[in-house]
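The domain 'Major facilitator superfamily (MFS) profile' annotation in TrEMBL covers 36-460. Feature annotation from TrEMBL assigns region 'Disordered' to 1-20. For 36-53, 73-92, 104-123, 163-187, 193-217, 261-280, 300-321, 342-361, 373-395, 438-458, the entry in TrEMBL reads transmembrane segment.
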Amino acid sequence: MSSEEKVDTSTGLSRVRTIDNPRHPSHFSAIRKTHIVLVGLICVFNGNLGSSLPSGAVESLATYFNIPSTSTLLVLPNSLYLVGYTVSPLFMGPLSETFGRRPIMVGSFIFYMLFTLCCAVSPTFTGLLICRLLAGVSAAVPNAVNSGLYGDIFTDPRRCGQAIATFMLFGAQGPLTGPLISGYVAVNLGWRWVFWVGVIIAGAMSPIVVLLPETYFPVLEEKLRERESDGERVDGRVALIMHRVSDSLKRPFLMMIKEPLLSLTSLYLALVYALQYMFFQAYPIIFRGIYGLQIDEIGLSYIPIMFGVVIAFFIFSWYSWYHEKALTGGKPWASVPELRRLPLAWLGGPLLPVALLIQGFTARESIHPAVSMVVPGILFGIGYSTVFLAMIIYLADVYKKYAASAQAASSTTRSLLAVCLPFAAPSMYGVLGVKWASVVFAVISALMALIPFAFVMFRKHLQARSAFAG
């Protein structure tokens, strides 16, 4: 065995890990890398767009299927989609580290289109819910795999971080675009066309997705060895694959239990993620219940959040440049790994409770709706995105080879809370009122904002306890 080869104890295989190997995906051409990044953006935008497509079609669905407008059944088209987000990453993220990124990414995108089409033609509400669940299982894959996908082709943390930041920008815009589209489409064309629009958007982009090359280097090396061996050593291959699959599927669970860095990060991201989907239930309560806005007008209320997300992307780009400049200049603080990403969460964390408090205390008939829509929306968009960018990329930086498994565990955790919180939103806002429900969420957000600070204060202790960081 050469000095450049090491045995991966999880698979029993000898793998060339050095990026100096000319076959390594980090040596792909700029055009090929751009294509790979674009595929990730397309997949996450479409998948996350699908998560909120029914949000503006609630009244249309209630009328068509004869469901009371106050029934919690109308939350299910969104929530069951997110149930798929809790299940899929636990399998697909690790499996991408066994069979490669390409079959997982391409296959999931095709199934997302298929099940969204089934939603559009579903004759019953039960059938619609089943198709939404299966569409969610398919759509969740990019959230678990993309960090690993980009880590395969970018060895420079700054470039990888920029790619993941762009991915997060597109991912955040997806669920915010859904209500904007569905509000107008459902009112004018009916709820079925909400899903047809989703299929059309994904279908138009599908040729780019199906051309995705494989990027996971161990899989590329194994395929090369198979070609060179000309079909030899077939005996025992099935057992070896099953062993690798078993190890891969157990990894996210083990990491969530044994890795404080991962469990705390996932807990914080779960709250931030759930707050976004809670807004999809709360905004109609606020802007229709208090101000009497129409469904298509309520869709416009998400635009300030989208604007905040874009601002957050530029903040991230500026901080990446500032950190790189400090690192080049030999500033001691810049060499601390945690300070490459976490200061963004220090900024974004406090903005979330501030946004919630402003919205809670200004949502009243005597104050123009733009006040509780624009300022809180922009602040929430900035806070949500900077926290997400910082923590997601931090996981990729920390876990490197096992980034997909870490993202799978994190994605499942945050999706679980995103499933549950929207069910509580109508009751909380109904019993407590908009002001005090917002205060409750603001207090929880403020407490959770301490986590990124704790990661820096206790970094040595946390790193010493990590078995998967590399």
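Each residue, glycine too, has its Cβ placed from N, Cα and C.
All annotation found in TrEMBL is predicted automatically rather than curated by experts.
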How does the model score the domain 'Major facilitator superfamily (MFS) profile' (36-460) in terms of mean pLDDT?
85
Recorded stretch, among 36-53, 73-92, 300-321, 342-361, 373-395, maximising Cβ pairs under 8 Å relative to the transmembrane segment (104-123):
36-53
Are there residues at least 6 beyond the ends of the transmembrane segment (163-187) whose Cβ is under 8 Å from a Cβ of it, and what are they?
37, 40-41, 44-57, 59-60, 142-143, 146-147, 150, 154, 193-194, 197, 276-277, 280, 283, 294-300, 302-303, 305-306, 309-310, 312-313, 316-317, 320, 381, 384-385, 388-389, 392-393, 396
Using a Cβ cut-off under 8 Å, which residues of the same chain at least 6 positions beyond either end of the transmembrane segment (73-92) come close to it?
50-52, 54-55, 58, 61-62, 67, 104, 108, 125, 128-129, 132-141, 143-145, 249, 252-253, 277, 280-281, 407-409, 411-412, 415-416, 418-419, 422-423
With contact taken as 3 or more Cβ pairs under 8 angstroms (pairs 6 or more apart in sequence), are the transmembrane segment (373-395) and the transmembrane segment (193-217) in contact?
no
Outside the transmembrane segment (300-321), six or more residues from its ends: residues with CB under 8 Å to it:
158, 161-162, 165-166, 169, 172-173, 176-177, 179-180, 183, 279, 283, 287, 293, 343-344, 347-348, 373-386, 389
